[in-house]
Amino acid sequence: MAEQIPLYPVRSAAAAANCKRATYFSAAGPGPGAERSSRYQLEDESAHLDEMPLMMSEEGFENDESDYHKLPRARIMRRKRGLEWFVCGGWKFLCTSCCDWLINICQRKRELKARTVWLGYPEKCEEKHPRNSIKNQKYNVFTFIPGVLYEQFKFFLNLYFLVVSCSQFVPALKIGYLYTYWAPLGFVLAVTIMREAIDEFRRFQRDKEVNSQLYSKLTVRGKVQVKSSDIQVGDLIIVEKNQRIPSDMVFLRTSEKAGSCFIRTDQLDGETDWKLKVAVSCTQRLPALGDLFSINAYVYAQKPQQDIHSFEGTFTREDSDPPIHESLSIENTLWASTVVASGLKWVSCRQHIDGSWFCMHSASLCLLVGAFNPFTFKVGLLDLELNQLTKALFLALVALSVVMVTLQGFSGPWYRSLFRFLLLFSYIIPISLRVNLDMGKAAYGWMIMKDENIPGTVVRTSTIPEELGRLVYLLTDKTGTLTRNEMVFKRLHLGTVSYGTDTMDEIQNQLMNSYSQVQSQGGGNNASSTPPRKAQSSAPKVRKSVSSRVHEAVKAVALCHNVTPVYEARGAAGETEFAEADQDFSDDNRTYQASSPDEVALVQWTESVGLTLVNRDLTSMQLRTPSGQILTYCILQTFPFTSESKRMGVIVRDESTAEITFYMKGADVAMSTVVQYNDWLEEECGNMAREGLRTLVVAKRALTEEQYQDFENRYNQAKLSVHDRTLKVAAVVESLEREMELLCLTGVEDQLQADVRPTLEMLRNAGLKIWMLTGDKLETATCIAKSSHLVSRTQDTHVFRPVTSRGEAHLELNAFRRKHDCALVISGDSLEVCLKYYEREFAELACQCPAVVCCRCAPTQKARIVKLLRQHTGRRTCAVGDGGNDVSMIQAADCGIGIEGKEGRQASLAADFSVPQFRHTGRLLTVHGRSSYKRSAALSQFVMHRGLIISTMQAVFSSVFYFASVPLYQGFLMVGYATVYTMFPVFSLVLDQDVKPEMAMLYPELYKDLTKIEASSGAWSDRHRPSFQGRLLGH
C-alpha cells in the first residue's frame, strides 16, 4: 500500500538534490501576489522517491478551497479560441450546457436557503414551500405502462426480441406463426407488469398511510385535525406521545414543569436511546397554550442541511420592549420521523400530549426524507453480462447471415433474404432465455423463503437472487444489526483493587456499611452523604481506605451523567401514563432514559449495588441510599459530552453539607491529562480494551464557594460572547479540569447479536471485505469492531484524526499511507473532507484495509460510501441495516438486506431481502447466494447452447438447399423445442446442488472462488461444442 498512490507528483532525484525547498505558487502568480506563495521543506533529501512528499506546513492551504481548481489551469493550460476551441471539445461543452439548461428548466430544482417563518401564520411566508408529503412511488397512473416498458426494452436483449416479433407482421419476412414469437414475449411482459403493479400498489399504500396520519393543529379558534400532508410551514402542531414527528419542527411548549421531554431517534441515527429536548423558554413561560397567538414572534432557521447533530437559529419576539432574542440549537429542534417518547397530561386537552411544536421545514426538505434515494430498478450483474454477450452473439448472427447471402449470390431481392436469414438464425439469441431465467429466479426466491434454518426471511426483489453470490464488499450498520444495544456493567477498577461481576456483592456490602454509619452518626435525611472519619476509626487502615474509595466511586458514577428516571403508572383503562415525579419512587415502574446506553448501564449498576437515582430535573437530582435515605443534590452546571472533548461533567451541591463538587468522566485519552499523576490508568485501560470493554475514567474536584462563583461569572460571560463563543466557553471549563482526583475506571460491555463473531469470520473467509458504517461515537464504534472481531485484537488500528481542510487531510493521508495491514477508523466529518479533495486516493487506500469503520455517518454519507465503492472498484456491494437511517445505504447498494429489529420495519421494507437477525446473512450468502448464481450461470449457458445447436442445424439445412431462406422447423415444433422437449434439463439445472448447504458453510472459500468467475466466460469458451453438435445433427 505504501508505493501505490502519490497524492502529489514525485520530484526527480536531480531536482531533490539541487533544491531543498519546493515553491508552490498561488493563483496570484509572480509579482506582488507572490507573497502569498507557499514553501514546503522537504522532509529528507534521501527519502525514497516512491513515497509521497510530506507537507511540513499548512501555510499554503489557507486559500485552497477557493483556488484549488484554478491553480493547474492557470499555469499549464493555454486557452483555445475560435474554431480550434470548437473542434477540440467546445462542441461537447456546448451540448452539455444546453442539456443542463433544459434539465434545469424542466425540473426547476428548488434552491435550499435560510428562511424566516412567522409563528402560527403560514400565510406570512414570502416564498411558497412544497407539500408536506412523502412519495416513494416510482410511477403514476399515466407513466406506469410507458415506464415499465422502457425499463424492459432499454436492454438490448429485450429490444432484440421485440424487433424480431414485430417483423412477423411483414408478410415478406414472416417465417412462422405469430404466437411462436409473441407468446413468450407476452408472457415475460405480463409477469413483469403484474410484479411492478403489485410493488407499486404496496408503495402507494405505505405512502398513503404516512401522509394520512392525523395531527392536532392549533389555530385561533382552537384545535383542528389535519393530515400530515396538509401541514404547512409555520403551523402550530400538537404532537401526542408515541406519535411520529411529521416534519422538522421547533419545540415551543410542553406541560412538563421543567419544559422538557424525550424523543426517540432510532429511525434517524440508529440510536435507540431517548434524547432530551428543551422547549423555547420564551414560549414555555406563557400562562396558557392559546397565548401563542397573542405574541408577535418569528423563527429564523438555517437552510436544511445533512448534519443531524447541529442546528443554528434564532427565536425573536417583537412585541416586547426591548425585543427578545433567544438562540435556538439542536436541543430545541425535532427532526422528521423521530417519535415523542415521554410527556405529561395537558389539563385542558384530556389527552397524553407531549407538547406544541412549530413546523419549520416541510417533509420534502427534511433530513431523513431527503436522505432516501428515488426508487431505482436494480439489475443484476448476470443480466448485464448476458446483455453484453447478446450483443456479441448479434454480431455473429449478422455475420452468419451475410455469409449465407454471399454464398447464395446477390441475386434478386437479396436484402429480403438477408432479413429472413436474420430471423431464421434468431435462435442464437433465444427468447426463452428470459423466460427460463425469470422462472429460475422465482424458484430461488421460493427456496430462500422456505429454508427452515433462516425462518422469517422475505425476498422482496425476486430479480436479483444471484447477486447474493457475487458480493465483494459488505457494509453493515452497528446498532441493532451487530449489537443488541444493551449495555452491561462488567468491571470497576480502583487502582489497587478490581471488582468484576462475581464480586459486586462486596461493593454492595461496603456501600451499605458506609451509609449505615452515616445515618447512625447524623440521623435522618439531613445527614451528610460522605462517611465521617470518626465512624471508620475503629476499622483497619486498609479496610477504611478501600471502603471510602468504593463509596466515593459509586457516588460519582451515580451523580455524573445525564440520565433521567421515568415512572409509568397504569390508568383506569389500562393505558400507560407517566406518573408525577414527586409521587412514590417505586422500583417496579421506573425506567432510565438517556442519550447514551453507557450511562443507563452505569446508573442501573449503581442501583444494583444500593445507590438508586430516583428523581431528576434540570436543577436537581435525588439519590436513595441502601438504608432508604434520600439525598438531594442541586445541579449547578452540566457540561455535555462532545466528540471534541470526549468527556462530560457536572457540578453539584450537596444540600445537606453545602459542599460543591465537580465530577467528570470520559475517555482515557481525554482524562489522562486532567487527573493527578498515577501509574495504573493507562495499563488497565489497555487491559479492558483488549477484553472488548468500553472504558470510562471517573474523577472529581472539590470546589469552594468562592471558586465556583468566580467560575460561574466567567462562564456566563463566555456564553454571552458573539464571536468564538465555543472556544471561550471551552477555555473557561478547562480552567477547572486540572489536578482532578482519579476515582475509578469502569468497564461496560455492549451485548452482541447472537453468532455475530462466527458470521463475520465466515464472511471474511468467503472473501468479503466488511465495512461498518454507524452514526454512533468513535469510541463506541471502535470497541464494537474489536469485540465483534471485525478488527482482531492484535491488529493495528489507525484512527483518522479530525480534519477540516485540504492541508490537514493531505497530512493525515500521508500518515495513513505509511501504515500496513491496519484497520481504518474515520469520522463522518473527516470523511467528507477527504472525499471532497482526495476521493480517488482515499478510496484506493481504504479498499486495501482489512476492515474500515466509519462513525458519525449521516444517512446520505452511508449511501455515498456505497456509491464510492461501486464507482472506484466496480465490484458488487451489499448493505445490511435495520433502521430508517440505513434505507439510503440499502437502496444505493447492489443488494440490500434489511433486518427486522427494534427500530421498525422501514429498512426491511426498503431492502431486497429481509432477515430476522444478522447471523442469517451468512447462510443467505454462502448457501443461497452461491447456489443461485451457479444455477443461473449454468442455466444461461444451457439455453444459449440449445439455441446455437438449432441455428447450426438451420445453417446446414439452408446450405443443402442452395442457401435458401427456408425454415427447418415451424409452429409447435419450434415452440416445443424451447419449452416442452427440453424442459427437464432446465428443471435439473434450477434444482441442481453441487455441494450440501452444510459443506458450503463449513468451507466458505467456495464462495470466494465463485466470485472470480464470470457467467459469460463459460458460454464463450464452450462455443465450439454446440456448433459441432449442430453440424452432426444437420447431416
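Positions of Cβ are set from backbone N, Cα and C atoms, glycine also.
Feature annotations, courtesy of TrEMBL:
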ACT_SITE  Asp477  active site, 4-aspartylphosphate intermediate
BINDING   Asp477, Lys478, Thr479, Glu599, Phe641, Lys665, Arg694, Thr774, Gly775, Asp776, Arg856, Lys862, Asn885, Asp886  ATP binding site
COMPBIAS  516-539  compositional bias 'Polar residues'
TRANSMEM  179-198  transmembrane segment
TRANSMEM  392-411  transmembrane segment
TRANSMEM  417-437  transmembrane segment
TRANSMEM  971-991  transmembrane segment
Two-stretch contact, the transmembrane segment (392-411) and the transmembrane segment (179-198), at least three Cβ pairs under 8 Å: no
Gly775 (ATP binding site) versus the residue listed as 'active site, 4-aspartylphosphate intermediate' - Cα distance in angstrom: 9
Contact set, same chain, for the transmembrane segment (179-198): CB under 8 Å, 6 or more residues outside the stretch: 139, 144-145, 148-149, 152, 158, 161-162, 164-165, 168, 431-432, 434-435, 438, 462, 970-971, 974-975, 978
Candidate with sparsest Cβ neighbourhood (10 Å radius) among Thr479, Asn885, the listed binding-site residues: Thr479
Arg694 (ATP binding site): tally of other CB atoms within 10 A of its CB: 24
Entry from the recorded positions list Asp477, Phe641, Gly775, Arg856 having the most other CB atoms no farther than 10 A: Asp477
Local backbone state of Asn885 (ATP binding site), from DSSP in three classes: helix
